């Protein structure tokens, strides 16, 4: 059988083929072109939705209905007949309102999995548990009335999040559709003390423009860096057999840096789509500026300057971390860190590289926690020592993340083993030694009566 040409491979898609000429012109796979086209259409639809279907002009039922219809159209455009699987899954789970397990083939299924399980637990908290057994955050998000079918479909299939997410809470989404979303956040501020006689009307335009600029920069960086430093470089003969250890560390860091802008692009664009529709307002900061980061999936500055593995994870794929906390970390009675990493691997799919990454993440997390608990306080006495500590921990964190995440982008077993062998499994061995040799300081138990901010812990 003759080998397929790259053009024929890029043509393969279950969705629309009307953009195939553009795909060939740009040399980008058709499914990726369809994805970007849908997100740009969603951005345009979001502005229209906010201006012409705002709560004062359209009823919640109309807003729910049109958001759902547009979402279904985008899914069919991107995935064609495969969209039927998504619709069947959503409808099957409505009747029983239980968690579901799906095959990770397309991102919409991953997002729907998050939303189905999030809503299931929040309904369970509202209807099946006593208030005194809930944390402050669980109590705030508990759903005490079963959603209508229209609300349920709109929450899962709305055009803003059905393609690229992020996951959000049902009560926040319904408040947005009903026009209560922004007012709820504004009422947390005493505006009379600031000289206002009525509530201001924050506009998302500035936030959307800023996020679109980040999106464009991320796209340009990805298109240039990924070609200069492809992931395949990590299994190149020179890298594996000829480069010295420090060169391997450096190139590992550079290659993984080159792989990140595509995530920055997709997640920031998805955030901009929600903000353009008027969803994502999180309140007013100390300087009186409007914040539109309720649904942000990453904080690029904190990622690139992270001085601990925990800090990095807290600012990467934020909404997925929140979902894992909601459905696993704060609910399992034993080994929450291990089980949360395992659930994350299962949710991502069946590629072995995912499991290498998340299982490597367990000892790295535990070792990083042990080092921080045993040594950090020694460096806080003076500013110079604190700066030195931050510089060293920044470098170690960036290298540890690159080492841990490499299998995630390599996917298969053979290249992962080849990479780790070439680096002598050094981080695995170092983390195990740290865990075995350093004393473990017990954590203070959390109280149910704590505030939402104090109970908002990550899978660290």
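In case you wondered, yes, glycine gets a Cβ from its N, Cα and C as well.
Per TrEMBL, the feature transmembrane segment maps to 33-53 (among others).
Residues 13-16, 31, 34-35, 37-38, 41-42, 45, 49, 53, 105-106, 108, 150, 153-154, 157-160, 162-163, 177 of the same chain lie 6+ residues outside the transmembrane segment (65-82) yet bring a C-beta within less than 8 angstroms of a C-beta in it. Residues or ranges marked as transmembrane segment in TrEMBL: 65-82 (among others).
As annotated by TrEMBL, transmembrane segment applies to 354-371 (among others).
Annotated transmembrane segment per TrEMBL: 391-413 (among others), in sequence order. If one looks beyond the transmembrane segment (391-413) by at least 6 residues along the same chain, the residues whose Cβ comes under 8 Å of a Cβ in the stretch are 231, 234-235, 249, 252-253, 255-257, 259, 305-309, 311-312, 351-354, 356-357, 360-361, 364, 368, 419, 423, 427.
What TrEMBL records for 419-440 (among others) is transmembrane segment.
The stretches the transmembrane segment (354-371) and the transmembrane segment (419-440) meet in space: the count of Cβ pairs below 8 angstroms, excluding pairs fewer than 6 apart in sequence, reaches at least three. Within the chain, the transmembrane segment (33-53) has long-range Cβ neighbours (under 8 A, six or more residues past its boundaries) at 13, 15-16, 19, 22-23, 26, 62-63, 66-67, 70, 74, 77-78, 159-160, 163-164, 204, 266, 269-270, 272-278.
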